[in-house]
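**Student:** My structure is below; once you've seen it, I'll send some questions.
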Protein chains: 2
Amino acid sequence: MGEFELIRQYFMPLARLHGSSSVIVGPGDDCAVQRVPPGSDLVFSIDTLVEGVHFPVGYRPDYLGWRTLAVAASDLAAMGAEPSCFTLALTLPEADELWLRDFSLGLGNAAESFGLTLAGGDTTRGPLTLSVQVHGVVEQGGAIRRSGARAGDLVVVSGSLGDAGAALDYLPAQEDLDADDSAAADKQFVLERYHHPQPRLDLGKALRQFATAAIDVSDGLLADLNHILEASNVGASIELARIPVSPALVRLKGSAATDYALHSGDDYELCATISEASWVGAPAWLKQQLTVVGEIEPVSGLRLDGSAVVSGSEATGFDHFRRKA
Amino acid sequence: MGEFELIRQYFMPLARLHGSSSVIVGPGDDCAVQRVPPGSDLVFSIDTLVEGVHFPVGYRPDYLGWRTLAVAASDLAAMGAEPSCFTLALTLPEADELWLRDFSLGLGNAAESFGLTLAGGDTTRGPLTLSVQVHGVVEQGGAIRRSGARAGDLVVVSGSLGDAGAALDYLPAQEDLDADDSAAADKQFVLERYHHPQPRLDLGKALRQFATAAIDVSDGLLADLNHILEASNVGASIELARIPVSPALVRLKGSAATDYALHSGDDYELCATISEASWVGAPAWLKQQLTVVGEIEPVSGLRLDGSAVVSGSEATGFDHFRRKA
């Protein structure tokens, strides 16, 4: 079966997920065409995952399909955008039909879950590499930027942090977790957080009314909060005891749990800044999804329990050219 | 120098090329934001180039920068779209500063030439792979599709075909063309066609008023015309003697020149269909850029000088999973 047939068989169903989609020309022409609703801006982001760098060699293709789209959709969440469609540039060493079937299954489940229609793509031969561009829409001027944080704003994060980072310690053994291991359920929990990140799309949309800045935590809280601080030209103080960590992570990693929360980002939670007044006025259902971990301050730099962290993304960031998978 | 600094230094200037751009948030946030003009559709396409598959190992980075964006922009030309911006997903084995400098130079020259602003991107470590998504705009419903060809339409192509395909024969020796070789100038000509394809953006926009269907010739005239025929549910007859080939290609390849024109697509010319009435009424400057090579017919299939070509992309197409670089 040739490239064209494989693509048709496994990916075309993903182009027909949403009848109400703004995609008016989907895969199969030189370009796709999207009609952005009047009064809306187009919001888009491209992300690449490379085998052996961003996911383990031999990673399950259905997990990979989910994860690839989740990672990209998380950027839409951070801007508060409504998801619309995506393109996929898939580079594969060989056209393995079983792999494509499982990958497209995971990708399709994610697309359905996030409200994203496949608009187009390119399939090529080469080392396993996936680039996904996601498109969303937001009312004109309504996208949440990184640059809006102001001194006095509260720093909030969604969910719990560090779980997926801890999962990296258990990934090679993912298939043979010992059922007698009393930590098996906890390991399963953090592994699931790694395999199936849930981009905070609804939360991001809700934050549009309240947040002054937002970012998705893809590289770790320290690195990503630093991006907000630099873009907004402010600083922040964080209380370590307030950083939300799951009971499973604490049982697995003890006092190191907070380190995972600070330095790993594979959970794809959101970090946002909100003025005190907005926070007070925010509805309970929104507050329940967020934890206040600190405050924005006029003096630049990031302080943890009062101690300054070396500033700048070099010291704290995830750097793809340095990291080992 | 870390990833972030390299990206800033070499790519941020490409984000500031066009003051009048519709990009209202460029690189440096979770997503880019584009404001599509009222009454317009967004037109977009993603393309991947893999080292050793789509370009030779060790290919000059400045040529690669140009070629990567040209290949993608050619899809905008085929839809008749006005270029607006692009994203770049760049996967590199190492953060080689000289390579990045030269690559960004070629990419920047292409961006300037085509009217495309860098809106965002992702840089990762891995085997050299480039995915570019280009964005353009077109008046609502005005994009030229592959599916509009009707029996009786003329089949036209732009420029000359086959030059860049022939260049592949001379690529390994590109640096040491013998000046005494009487064919050196011809080889240089076809090599330049390969290294610096010129997407037919102005021609594509002009064709919006005249063409019933269009495609860019990326995989060879036979394969790409077949895409039009299949999408439009028609057939075509082509006269081989009318296929435009350059004098250089004829001198280099003799009677095989037409084979290059039929089977190689690296020139990135356009193939379009135009009703006889539109063709008669078309202005001279438009006709001068096009050559009539055949006619659309109601009976499916593609006929060359009356002999049927095995139909379907399997027989005639460029298949990335089969082709050797």
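Glycine is no exception: its Cβ is also placed from the backbone N, Cα and C atoms.
Caution: TrEMBL annotation is automatic and unverified by curators.
So TrEMBL has the following annotated:
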type	residues	note
BINDING	B:ASP30, B:ASP75, B:ASP216	Mg(2+) 3 binding site
BINDING	B:ASP30, B:SER45, B:ASP75	Mg(2+) 4 binding site
BINDING	B:ASP47, B:ASP122	Mg(2+) 1 binding site
BINDING	B:ASP47, B:ASP75	Mg(2+) 2 binding site
BINDING	B:HIS54, B:ASP266, B:PHE318	substrate binding site
BINDING	B:GLY121, B:ASP122, B:ARG146, B:SER218	ATP binding site
BINDING	B:ASP219	Mg(2+) 5 binding site
DOMAIN	B:28-138	domain 'PurM-like N-terminal'
DOMAIN	B:150-301	domain 'PurM-like C-terminal'
**Student:** What binding-site residues from B:SER218, B:ASP219, B:ASP266 have a chain A Cβ less than 8 Å from their own Cβ?
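**Tutor:** Listed binding-site residues meeting the cut-off: none at all.
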**Student:** Test of understanding: give the count of other CB atoms lying within 10 angstroms of the CB of B:ASP219 (Mg(2+) 5 binding site).
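**Tutor:** So the number of other Cβ atoms within 10 Å of B:ASP219 (Mg(2+) 5 binding site) is 22.
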**Student:** Please compute the mean pLDDT of the model over the domain 'PurM-like N-terminal' (B:28-138).
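**Tutor:** Taking every residue in the domain 'PurM-like N-terminal' (B:28-138) and averaging pLDDT yields 95.
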**Student:** What three-state class does DSSP give B:ASP75 (Mg(2+) 3 binding site)?
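**Tutor:** In three-state terms, B:ASP75 (Mg(2+) 3 binding site) counts as helix.
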**Student:** Listed binding-site residues are B:ASP47, B:HIS54, B:ASP75, B:ASP122, B:ASP266; which of them have CA atoms within 10 A of the CA of B:SER218 (ATP binding site)?
**Tutor:** B:ASP75, B:ASP266
**Student:** Could you check which of these binding-site residues, B:ASP47, B:ASP75, B:GLY121, B:ASP122, B:ARG146, B:ASP219, sit within 10 Å of B:ASP266 (substrate binding site), going Cα to Cα?
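**Tutor:** Of B:ASP47, B:ASP75, B:GLY121, B:ASP122, B:ARG146, B:ASP219, within range: B:ASP219.
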**Student:** Where B:ASP47 (Mg(2+) 1 binding site) and B:ARG146 (ATP binding site) are concerned, what is their Cα separation in Å, rounded?
**Tutor:** 18
**Student:** Just checking a number: largest C-alpha distance across B:GLY121, B:ASP122, B:ARG146, B:SER218 for the ATP site, rounded to a whole Å.
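**Tutor:** Between the most distant Cα atoms of the ATP site, 31 Å.
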**Student:** Fill in the CA-CA distance, B:ASP122 (Mg(2+) 1 binding site) to B:ASP30 (Mg(2+) 3 binding site), as an integer in Å.
**Tutor:** 11
**Student:** In the structure shown, which of the binding-site residues B:SER45, B:SER218 has the fewest Cβ neighbours within 10 Å?
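**Tutor:** Among the binding-site residues B:SER45, B:SER218, the sparsest Cβ neighbourhood within 10 Å belongs to B:SER218.
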**Student:** Count the residues of the domain 'PurM-like N-terminal' (B:28-138) that DSSP assigns to helix (H, G, I), to strand (E, B) and to coil, and report the three numbers in that order.
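**Tutor:** Helix/strand/coil tally for the domain 'PurM-like N-terminal' (B:28-138): 37 helix, 47 strand, 27 coil.
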**Student:** Check the Cα distances from B:ASP75 (Mg(2+) 3 binding site) to each of the binding-site residues B:SER45, B:HIS54, B:GLY121, B:ARG146, B:ASP219 and keep only the ones within 10 Å.
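**Tutor:** Of everything listed, what lies within 10 Å of B:ASP75 (Mg(2+) 3 binding site) (Cα to Cα) is B:SER45.
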